[in-house]
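Straight from TrEMBL, the features:
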type	residues	note
SIGNAL	1-22	signal peptide
DOMAIN	128-462	domain 'Peptidase A1'
ACT_SITE	ASP146	active site
ACT_SITE	ASP347	active site
Amino acid sequence: MAYYHLLLCILLCSSYYSIVLAVNLNNFAVVPARSFEPEAACSTSSASSDPNRASVPLVHRHGPCAPSAASGGKPSLAERLRRDRARANYIVTKATGGRTAATALSDAAGGGTSIPTFLGDSVDSLEYVVTLGIGTPAVQQTVLIDTGSDLSWVQCKPCGAGECYAQKDPLLDPSSSSSKLAAGAYGHGCTGVSGGAAALCEYGIEYGNRATTTGVYSTETLTLKPGVVVADFGFGCGDHQHGPYEKFDGLLGLGGAPESLVSQTSSQFGGPFSYCLPPTSGGAGSLTLGAPPNSSSSTAASGFSFTPMRRLPSVPTFYIVTLTGISVGGAPLAIPPSAFSSGMVIDSGTVITGLPATAYAALRSAFRSAMSEYRLLPPSNGGVLDTCYDFTGHANVTVPTISLTFSGGATIDLAAPAGVLVDGCLAFAGAGTDNAIGIIGNVNQRTFEVLYDSGKGTVGFRAGAC
């Protein structure tokens, strides 16, 4: 009888542990170690072909999908993170009405069209670029896309020596367009006319790392893709830029203020917009103006999970969501909801996600425990990232799933490893205090179609979109 019980226990216990193992593996991603290496070839663009939306390809700034005109030397990871930290500090300072970012992030380092989007790199902007046309005939310009700023701009002739940074594309020449670039009305005191002629309205922007662009606020014909045109698009024609810019041609502002592309085209495409950031430098995503079909609050119909969007009346640029929980490997972390009370700016231009201190400490502890098989490296890259691994000698790497839960119950499982790790490091950092506004960076957003609908007051996430 004892033997029978022993045999029964062996059979049942074996089945039990097999079941437990299967469940646990569902919360981990086993990926080849070579997946952490840069891709050498470009995959097919995932831009939407929906005739009712304006969609253009989007790609990584320094990847093989980037237009040859946008290629150039790639800065070190430490330099990219330094710039990213400056950007995050600037956003937090602006969103909190001037409260110093050093305190908030002291330890962080209706119809439409779709445009291909590619992952990129910039001093104070997002890491992804699109190629658009300005003027008639359309002159191609490769620009960074940025939900954290509003005014779009490109470099224009004439630029004296030292007044414009070196870009690969020729400078936009306003005199060569038959649609004739015209002075726009932007900012206080600009009437648009002066003595019967168009007034020259100057614009000026200073970014978080002290890079600046100044020039004439103008209007021109913007071609998103063949057959999809925006008339009288207001943008900055920059004739004096200063700072550590790279070789892109300018910036496309996607924030919520009236100057942004989204606001300027709301009557044409309805106001909603979305993007899908590719998981690797060799992949292509899309930037799309207009709502997807069936993008209602019914996730069954649309494939999206929705969470309420918050806005700051004093700073209409930013889109804010409320994080309510984090899970690692399927296990919810013990984080008090009050830690997330200030909200999270969801930003396409910030790389690393900045979490409240308590939340980050819990995430780091759980992630390190799940990754204990791999050698933890000392903090590097300026100290911004403190959980980095050496995968040398491993053919495969097992990465725990990280899930983010937002108000309203929307939960997303971050793509692994592309949405969790950057250069072998956990793509999160901690804020100096709890209750500080945080930032959801673009690494965590990879492979999701992120839909911004200010009219409905929602942000939606659709997994596996690119």
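The count begins at 1 with the first shown residue.
Every residue, even glycine, has its Cβ placed from backbone N, Cα and C.
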Rounded to the nearest Å, what's the C-alpha distance separating ASP146 (active site) and ASP347 (active site)? Just drop the number here, would you?
8
By a simple count, how many Cβ atoms lie within 10 Å of the Cβ of ASP347 (active site), its own Cβ left out?
27
Please work out the number of neighbouring Cβ atoms within 10 Å of the Cβ of ASP146 (active site), leaving out its own Cβ.
28
So what's the average pLDDT for the domain 'Peptidase A1' (128-462)?
88
